[in-house]
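*Asks:* Pasting the feature list from Swiss-Prot:
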type	residues	note
BINDING	His64, His96	heme b binding site
DOMAIN	1-149	domain 'Globin'
Amino acid sequence: MERPESELIRQSWRVVSRSPLEHGTVLFARLFALEPSLLPLFQYNGRQFSSPEDCLSSPEFLDHIRKVMLVIDAAVTNVEDLSSLEEYLTSLGRKHRAVGVRLSSFSTVGESLLYMLEKCLGPDFTPATRTAWSRLYGAVVQAMSRGWDGE
C-alpha cells in the first residue's frame, strides 16, 4: 500500500483504537442491521441469541469483538506488508468457513467497517481515508478468502 494511504489508515486507527470495544460494537450492530441472517452463526455454549442486542451484550460476543478489533489492529500495524499476515488470515478464513460464514458476507462486514469508521471519525473520514480503508479491507478479505479455496 502506498505510504500516504498507510498514514491515513494509521492516523484514523489511532482514534478508533482508543475505544475498540465501543467502536467494534458499532461495527457489529451495523452488520446485524444489514444482514440479520448472520445472528444465528453466533452461538456460545449452545445458546442462541434472540436479538442483536442480546448478542451484543453477551460477554462471549464482546470477547469476539475484541478479537476482531485485534485482527484489524494487526492489519493496520502491517499495512505496508500484509504478506506477513497471509498465513494467519488464510487460517482465519478457514475458521469462518467452518462455522458457516459465507464469503459473500464479508462485503457486508466491509460496509459495516466503513460505517463504524465514519461514525467514529466524523468529518475526518475523508474520501481518501475511505478509499485507503477499502483497499486495506479488500486485501485482508483476499487473504481470508484463500481459506474458502483450500489454498
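From the backbone N, Cα and C atoms, a Cβ is placed for every residue, glycine too.
Predicted, not measured: the structure shown is a model, and the values here were computed from it.
Help me picture where these features are in the structure shown.
*Replies:* The Cβ neighbour count for His64 (heme b binding site), using a 10 Å radius over every protein chain in view, is 15.
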*Asks:* Using DSSP and three states only, what is His96 (heme b binding site)?
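*Replies:* In three-state terms, His96 (heme b binding site) counts as helix.
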*Asks:* Using DSSP, how many residues in the domain 'Globin' (1-149) fall into helix, strand and coil?
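*Replies:* Final tally across the stretch: 119 helix, 4 strand, 26 coil.
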